[in-house]
Amino acid sequence: MDGDLAIGKMASSTSPMGPIDSLELLDLLFDRQDGVLRHVELGEDWGHGEDQVLPGADSDDFLNSILGSGDSDSPTWSPAASDSGISEDLPSDTQDTPPHGGVPATPAGCHSVESGKGPCPSYHPGPTCPARHLGPVAPRLETSVAIDLEMWSPGVYAEEQTDLADSPSRYNLTVKDLLLSSSSGDLQQHHLAAPHLLRPGTGHCQELVLTEDEKKLLAKEGITLPTQLPLTKYEERMLKKIRRKIRNKQSAQESRKKKKEYIDGLETRMSACTAQNQELQRKVLHLEKQNLSLLEQLKKLQAIVVQSTSKSAQTGTCIAVLLFSFALIVLPSISPFASNRAESPGDFAPVRVFSRTLHNDAASRVAPDTAPGSEAPGPGPNTGALQERSPGSPPGEWESQDTRALDNSTEDLDNSTLVQGNSVKELDQATLLDCAPPEPAVSPGHVGLEAAGGEL
């Protein structure tokens, strides 16, 4: 019941007057005479020692649960499930917009941050950092605070009441200072993600360390960053942009270096392949010349072989013709059949020559005495020719007649009909000789001739 009355009174007191100071709010709540919570039992006296107060870590957690930053982008936030909370009437986040002018509100002192500890290990005011220009920031408006008492149980409220009662005497800070210190602690926690950006400076401040490339790019962009932390969102964005450019530049340099090495390797290989190709081309030209010379030599050899073949053929032909002619001339004279014919007893008959003056007389020719059946079974081819020879013909004429007889014999062997005809003619001539009339009785003149012949 008292809680409802207190809430109604607080709402009626805060609604018409707008934003009030945090000290006035605390006086309104905890004043012993006119405070809203003056009738609420606090459990024990405020004068207990430090051993009965909540530990520092628990009190910090409790304060962070009330005043902590659920949203890292803004220093203050309001719980989503409650109608009341801490709100700040700002047009937009001051760290999201670039600075325009003025001096930003900073905490009483910035403290060094150690890894593994909370963002604000102590609330004692330390030596302030050197004054620096953080850029123009919109002025911070006064905050109006509304507290919902239904969220607190009596026991928790008693402990919190003890902690809050002891905190002003120990730390001498206001709610506004706690809010600002909480927001600065969030920024410091955000900067802990990049420890290489920080360097311990003089006192309790952190110093921003920039490389030469970053300084050059910042100077080129016309941006001036402070040497002390924390940085605003705009400054952080610009620093990230500069570092991204540096990384891109380094990666581009590495890629260009690799590309250059690759191209150099390709050029080296190409030069080696070109030299090898030229050497092979020279070898090919040399081989082509050798091939042409060998072809010319082959043609010459072929021409020589053709000429020698034709000459040998002509020589052989001439030799063959000469041998054939010699055979035709010599073979008839050395024929084995000619001697046999000459030595046969029936070829010649003895003829009585009475006188040289009667050599050409037909009466001196006397046919051989042959019986009708004494002739050889087969008529010889030269019988008629031998009988027609005159006894007084010279031997040269006989040889020529023999040669002709041999020729005729060769022809007779080829043509048997002609031979038979000649034999018939010879037989007819022999018959005629046999049928000749007998000679008359020897006259005295004839006897005288015979005697003269005998004397010769």
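Cβ from N, Cα, C; glycine included.
In summary, of the candidate residues ASN172, ASN415, the record from Swiss-Prot lists N-linked glycosylation site for ASN415, whereas the others have no such entry there. In Swiss-Prot, the feature region 'Leucine-zipper' is placed on 280-301, out of the ranges 126-147, 192-213, 280-301. Of all ranges given (1-20, 21-40), Swiss-Prot attaches the label region 'Disordered' to 1-20.
Each residue in the region 'Basic motif' (240-269) has a pLDDT score, and their mean in this model is 92. DSSP places the residues of the domain 'bZIP' (238-301) in helix, strand and coil in these numbers: 64 helix, 0 strand, 0 coil. Within the chain carrying the region 'Basic motif' (240-269), a Cβ under 8 angstroms from the stretch's Cβ atoms is held by residues 211, 213-214, 217-218, 221, 223, all 6 or more beyond its ends.
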